[in-house]
Every structure is written in structure tokens, then in C-alpha cells.
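To start, the structure under review is shown below, and the notes come after it.
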Amino acid sequence: MGMNKRTALLSAAIITFGLGTLYLGFNMKHERPPIDSNSWDLLIFTQSWPKTVCYTWKIHNASHECYYPPKKNMWTIHGIWPTKIGTLGPVFCNKSVVFNPDFIYSIKDKLNEYWTDIELLPSNTTETTLLNASNLTLSHKKESIWAHEWVKHGSCAMSLPALDSEFKYFYQGIEWSEKYNIENILEKAGLKINSTSNFVTDYWKAVKSVLKTNSYVHCVYKSDTKEQLLGEIRICFDKTLTLIDCDGIMKFRRGNSKAAHLLTDCDVKKPILYLDYVPEHNISINSNSTNSNSTDNENSLVLFRSKRKVNEWTTIKPQNFNRSNSYQPRTNSTFHQNLIRSNSFPYIQRKEWDMLIFSQSWPYTFCHTWTVNSNTHTCNLPANRNQWTIHGIWPTKIGTDGPSFCNNHSSFRLDLLDKIIPELHNRWTEIKGSKTWTKKQEGGLWKHEWMKHGTCAQSLPALNSELKYFKQGLDWSKQYQLSELLSKGGIKPGGTYPVNQFWLTLKTGLGKNPRIDCYTDKDSKKVYIDEVRLCFHKTLALIDCDTFRRNNNKPYTNCPLNQEIHYIGAVV
């Protein structure tokens, strides 16, 4: 009996403890991890067939007009949509975000071509669009699609560094449109415009055969004949911008079975019309759509979780670039001991040249390169805090560096520059200084530039004296003010930008291709904008700097293309 009593007491204690623990478990408040409503898993890149977009636009109002891209059969971009598997969106992730058109200044022509706003209002009306999320009022309809896409989807995509500005977001769309051209993809599979007998399986397989990934095919339905029109093709990318399967997106349609492998809202049993004209019939979006406006066709997606296979793409890491690495002096040069600054060109015996390179330096970068490894070095910055300074005017023979030091018997007369010396101090500034220098001669930089480059430039009558040579540099510095040109594209000191934004902004403002040089800090690995070089014919007319390059539609630069470029300096 004693043992039984002990056992009973022990059992009662255990039960009491268990009930108490259970009670506490029910009544204790557990902290749950916060749910980020703005998080997303993949990017949907959507291209639209303009004739079908025009159908959806005209159904609202027969007087609506359509604007087509310059290339007749080009598919246009609808958008880049960050998407969380199992949801629609997110959208409007940051309600403080507004659309800054300055950032697309350099790519607006490309956007009109690739990211075209098909929907035009009747010519006798005007429209003011209010974007609810940003309270941004637009008076120019042409920019409304870009503003809408940026505020709705870009505000979510910007959590990814590769898409965190208007320029990066829209330029990525242009690059994808060029690389994954839907017209070309379909033609490779024999699916040509005005096809009326192909089914959704044919279009899905066509994209699969070329891209090796699963895409999504979207259709629009005619209300009278119930025929379906090819509307959009959507491909997907992960957060590394690698092409992946779109298996995480799927349209569930009433009355239809779900084909696990086929991503579409089209009727798989009916042919699809892929037309190059707008028929005169009323149409309506698929009945399951939440919005008939083509700007919001992305809302027709319903998502589900599934496994997806990611294609492996090889990324080549850029090499480290040193300051002016593309133009280093030959160590056996007779005049090597006299070279200063970045020693841009090696000594070359011949004196012939084809063009002039006018180089301007960003003084804050040059100051950094001068002081980074020395405690005694100091900098003399120009009076204008955000003014680029002149490096030099360099006669150059295409395909070579130089010539230089064309007349070793020439001398430099500083007194001939008396009238312009104050301007030279401000615009052709000698940045280098040192705490240990006691007897630095006035005009040392100018003497070097004249002896090395001016003695070659003087074969041109317009530059045949010190005064003409240096005054021409001052004139070009005033005419081509880089700070102003860059600010038009939203590029201002204190920020970081992709080199494409620098290059395209300058190209747009100048009308010619420049050369851009960067400096890479060997310790921090940060990349800084260093110099911008403009090129001139012997008539002193501005010309492209890269006429000899095979592909002059890409940046002419030593800057790494996949790193942010630091534009350090005073923010005023």
C-alpha cells in the first residue's frame, strides 16, 4: 500500500505539472516573426504585343488612339514586376517614392522605342493623371506609363541594389528587351506574325526551346467571336537577375483543368491570333481579369508555390583597374623622368596625329589618388567646389598613344599667359601640393602640358602658341561643363551610379561618344569617376572618341561595368 500511495502521489504531481505547463503555454504570448508585406521572390519581365494592347485600349473608347514603336514588329515592355510566390505583388512598396524623370534623361529615346506607351488620348483632349500612391500629378501622358511602373513596381524592385534607381530599373528592361527579343524568339520557332492556326502550346514551346525556361503566355479575348489574341509573354528572373522558370506563376481559370507544365490563361483548345492589325471588333479581357486596362494586366496572375530549376549563367568578374591604367608611360621613354600627373601617353617618335583629346578631371578623385598613400601630400581644389578641372589637350594618332614632346627645342613662356592666369588657376588647376615642397615653380603643370602636348598641337594654326592652346582649353571647359551635363541625368556629387548612366548621360548631352576613366582604390576596391575625355577633329569640331571601335554603342571606358561608380565631392 505504501508503494501504491507513493506512486499515486508522484502521478498526481506529474499530472499537475503537465496541466500547469499546458495552461501557461496557452496563456503566454509568443512573439511571431514580423511579416514583410513588401518582400518578394522573383521578377516577372513582361513584353506585350502592341496591336493587342491597342485592342484593349480602343475597347474603352473608339476614339482612343494608339502609338506604336518605331520598329513595326517590335514587342514592347510592359514592366518588371517583383512578385512573391502565392500572392499578387507586392506593389506600391514605398509611398514616399516619386518618379524623377531626370534619371531617364539619357535613355528616354530608348524608352520610347522599347518601353512604349501605346495608349494615346484622342488628339482633342488632355489628361492629368494622379498617382494615388505618390500624389504625383503628371501633365505629360508620354511619361505616365514610366511613372506608373516605377511607383507601383519600381518602389518594390528598388530593394535590390541592381534596380534601386529609375535609371537602373528602366535600363535593365531595355537590356532584357534587346537580349530576349520575343519577335526573334518566335520566328526561330516558325511562329510568324499573322499566324492564326497556332495554339498556346506552340508559343510556350517556342520560348522554351530558345530560353530553356518556362514562360507565361497571356491572351486577350474578343467579345463577339470569342477568339483569343496573343497579348503578352512573361519570363522570370531571380534576384541575381538570372533567367529562371516561371513555375511560380499560374492563372487559375474557371472550368479549366490546371496543366502543371503550361503557364497560361489562354484556352489550350483554341488557336491564338497573332495579328499585325487592329480588327474592328469589340474585345474584352478574360473574364477572370480584375482590370481591363492594359496597364494593370499583371493583376490577372494568381500564383502558387512550386519548385523551379535555375539556369546556371557564368559571370566573369572584372579585373581591378588602376588610375589611368589604359594609358601608362613606357619606362624607357627619354622624357619619362619629366612626366607628371597621370602620365597618360608614352613617348612616340612620330609627330603625326589625327584628333585632339580634351581631358577633364574630377578634382576630388584626383585629390584622393594624390593623398591616399602619403601624409605629406596636400590638394589645391578649384574655387568652384563642383567644377571639373582641365587635364590637357592631347594630339592623338588613332590606334596609338601620342605623339608627345614633338619639339624638344621649344621653351615655355609663362608671361604669354598673363591675361588668362586667373582662369587657369580656377579651371586648369594644379591639384598637387605637398607640405615638404618649398620652392614649387609657378605654372609647372602648364609647362608640362605645353612641352609634352602643346608642341605637337602647335602644328595646327589654331593652337600654335601658348595663349591659343590654353585659351582653347578654357573655352572648351566653359562650353562643355561636365557637372551641368551630368546633373541633367540625375548624377550629382555624393552619389554612386552605374557607368552606363554616366556614359549615356554624357552621350545624350554631347551628341557624341566620350571616353570615361575610373580609378579603383586597391585597398577598399571602390571605383571612382576620374576623368572624362572629349574628342575633336582638326577643325575643332566635336567627334566621337571611339570611331575605331567595333561596338560604339557600349561605354568606352576602363570602368568595371558591374560596379557602382563613386562620384565623391562637395554636395552644394
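Placed from the backbone N, Cα and C atoms, the Cβ positions cover glycine too.
What TrEMBL says about this protein:
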ACT_SITE  HIS391  active site
ACT_SITE  GLU449  active site
ACT_SITE  HIS453  active site
Using Cα coordinates, what distance in whole Å links HIS453 (active site) and HIS391 (active site)?
11
How many Å lie between the Cα of HIS391 (active site) and the Cα of GLU449 (active site)?
8
Cβ-Cβ distance under 8 Å to GLU449 (active site), same chain, at least six residues away:
GLY392, ILE393
So for HIS391 (active site), how many other CB atoms are inside 10 Å of its CB?
26
